[in-house]
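The feature domain 'Helix-turn-helix type 11' is assigned by TrEMBL to 2-47. Residues or ranges marked as domain 'WYL' in TrEMBL: 129-190. According to TrEMBL, the feature domain 'WCX' maps to 222-297.
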């Protein structure tokens, strides 16, 4: 914006960026500290401007690339990491160098699409340790962690950070094993001066995918056999959100004349299985084990009793 206009008042910039003037001045100070060539001039004809002659250039950006750049932001994650001012700087640099038609396209995308990673009704976790953890991850420094449930601190090699459904996880090597730590449960994190050798063959995305699948599978230890209606077959993945359940559905017996199918399910426990299968209503029949079938029968009787029509 300043590259196009040379100078603007704080009020004009704040309005354009949809922030308060106070927030704008804070971000300008952060950008200056990061080396961004900005000047502030007091007085009625003053304002905020770029150093004369300075321009940033990003050549060869296509319409699709510009769209992807402005659509890919996760603002809360950026803020969690303490990179709000850096993100503002990057966006300003790109925005200033785009041709008018691409700049208009990017603006329309920002007005029409928002990426909101956290799950519904999730209470934000305290993330006081996150900036220190991120620093250690980026700089390849060993990290001292403390947690209220641990008798002593732990020294780990931080390999990466993962944001999953609004929750941050640290992936770190400890005593030769790669483990997962929930950042919101870390009381204190201190990057150490000592560095570590990152494994050449470690791929964060591949490790996370394999670890998530293994964790998902480890929860499913209770076996039962059920018969599901066509509607229940579609609803089961929503009620039992495990990837393994989709594979079990794919391996179900062929449908009968009414579309019902028999299949073996692995769920977490008898109690959890009853709770989840009850959500399928009359679209499920438990074939085995008999204990689960009896529990479902009792649940059905109690539901029928409580929901019986009032006596005339």
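Glycine is no exception: its Cβ is also placed from the backbone N, Cα and C atoms.
It should be emphasised that the depicted structure is a prediction, and the values quoted were computed from it without experimental measurement.
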Across the domain 'WCX' (222-297), what are the DSSP residue counts per state (helix, strand, coil)?
38 helix, 19 strand, 19 coil
How many helix, strand and coil residues does the domain 'WYL' (129-190) contain under DSSP?
13 helix, 34 strand, 15 coil
What is the average pLDDT across the domain 'WCX' (222-297)?
94
